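Chemist: From Swiss-Prot, for reference:
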- 1-22: signal peptide (SIGNAL)
- 29-314: domain 'GH18' (DOMAIN)
- Glu166: active site, proton donor (ACT_SITE)
- 312-356: region 'Disordered' (REGION)
- 355-406: region 'Chitin-binding, high affinity' (REGION)
Amino acid sequence: MLTRTFLGMAISAFLASTGVQAAWSSHGPNVMYYWGQNSAGGSNTQASLGTYCESGQVDAVLLSFLHVFNVGGIPEINLSSACAGTYFPNTQLLSCPAVGADIKKCQDKGVKVILSLGGAAGVYGFTSDAQGQQFAQTIWNLFGGGNSDTRPFGDAVIDGVDLDIEGGSSTGYVAFVNALRQKFSSNFLIGAAPQCPFPDAILGSVLNSASFDYVNVQFYNNYCSATGSSFNFDTWDNWAKTTSPNKNVKIMFTVPGSSTAAGSGYVPMSTLQTIVPSLASKYSSYGGVSVWDASQAWNNGGFNSQLYSLVHSGGSTPPPPSSSSATKTTTKTTATSTKTTTTTAPTATSTPGSCPVANQPCSTQNQYACTADGKYAVCDHGKWVASSCPSNTVCIPTTDGASIYCGYATGSGSTCPSVSALEITAASLGSKNGPVPRPYKASKVAAQLAVTSTDKNSFEAVINARRTTLTPFEKSVTIEFTTPSNIKFTESDMGPVRQVGNKVRIQAKNDYNESMTLVVKVKGSINSGVFVAPSTSAWNFK
């Protein structure tokens with residue numbers, strides 16, 4: 001593992017040889033990184049803020065996070081090991097002078113430094129517009145041009161605010177944004193980080209009513225990830241041009257920095273090299289790429305240097321990183337691991353634009369695909385055999401683009417063809433419309449089930465649950481739902497799973513004492529037929 005000092009030296013050497021100089025452009029494209037949480041988890045996997053800004057591979061950094069606000073007293077920040085243990089007297093607000101010094105270094109190099117509010121962990125939100133307006137004054141005093149005895153970054157002044165509001169309610173955020181606009185200069189950046197299902201469960205109405213400079217749409221941990229047939233950048237582009245108060249708002253393609261950075265939705269560089277130029281050429285609202293997070297990307301075999309070259313070269317394929325810029329890839333042990341199996345996966349049809357037709361020839365035994373009328377078809381001894389999904393469900397491709405399942409959906413049309421990851425991207429960028437997975441609703445919770453992969457005997461999926469009130473999830477969360485009779489849930493990465501009949505209970509151990517969202521990986525078996533998603537009703541989170 002590279003030390004922070006050596007990492008910085010390696011980056012500097014690489015930049016000296018290439019002449020790359022990062023700087024924010026109001027017209028884009030830009031590369032943005034979330035920094036502060038060290039989600040890679042190693043003692044040396046997160047370098048200092050200044051190191052990333054000096055790399056020449058970052059146009060903006062999002063300080064992550066100001067995670068507690070408007071719950072009484074002054075707010076709190078959490079930057080993992082980058083700032084720990086030194087609090088202002090009689091508060092839980094950290095004093096981070098080293099980060100303040102690095103903010104100035106970044107700004108001297110043209111890199112924007114944006115404070116991200118919210119995140120998965122923490123407690124936050126407003127109950128009125130007046131609270132939102134008052135909090136704008138707090139941000140001005142603590143991080144802007146105002147005065148306070150408790151300024152975490154000293155006299156450094158941030159360049160913007162990012163609303164990464166994962167849970168709670170929409171109340172007060174429009175008033176907050178409008179008040180920020182009145183206090184800060186016209187070049188102060190205000191962004192948001194909605195999840196890709198449209199409209200966002202929390203920020204949907206806020207995005208329609210307040211003026212944002214960019215939105216970091218999270219294309220991961222959901223059905224609308226970039227490698228699935230429901231990739232919906234076109235939906236967000238349409239919102240930018242028709243609904244957003246700021247018709248020049250930029251849509252950032254936000255992705256995980258490595259396979260361990262998210263529950264699902266990681267896009268390898270080989271696929272990004274197809275997606276990014278397609279987005280850049282097709283959508284005028286495209287603003288570049290945002291990444292969760294710096295610690296993951298910089299420990300992913302040159303991902304960071306290749307991405308920056310890709311985005312700023314107009315999408316042409318960058319050369320492989322030189323040895324001086326390469327960083328050692330680290331691995332992270334997770335609660336669940338992928339088993340190696342000899343089972344033939346129900347791979348999707350390989351002919352772009354074609355749909356299987358019952359009794360017509362096919363070439364790959366046990367190949368699965370969606371038909372034009374919402375059924376699913378299996379290649380059986382050289383012919384397609386079509387079957388109907390259970391009542392009220394339709395055939396939907398999995399998020400990895402390699403298989404299918406039957407699920408509850410909204411919208412109409414066809415999900416056919418289900419094709420490979422690169423072919424899916426081409427189809428999706430063509431503004432393909434069709435049914436998408438229906439949200440799961442429970443008391444005080446909005447959730448999505450993203451089915452990441454299936455084969456003949458097993459499945460993997462991600463439950464993405466978000467609080468819709470100001471009350472967070474606690475350390476222990478019980479998740480209950482009903483599953484079809486042919487499906488057995490057996491594992492989760494957050495705690496034990498028990499299934500009696502078709503009743504499933506997951507005893508999830510939250511990574512945080514309090515959080516506004518839960519992302520739970522689950523696995524299980526398929527006794528017969530194909531994977532059928534659980535009913536969207538009768539879900540409980542307690």
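Counting starts with 1 at the first residue shown.
Cβ atoms here come from the backbone N, Cα and C positions, even for glycine.
Keep in mind the model is a prediction, meaning the values are calculated, not measured.
Mind running through what each feature is packed against?
Modeler: Using a 10 Å radius centred on the Cβ of Glu166 (active site, proton donor) and all shown protein chains, the other Cβ atoms total 27. According to DSSP, Glu166 (active site, proton donor) is assigned to coil rather than to any helix or strand.
Secondary structure of the region 'Chitin-binding, high affinity' (355-406) per DSSP, as helix, strand and coil residue counts: 0 helix, 21 strand, 31 coil.
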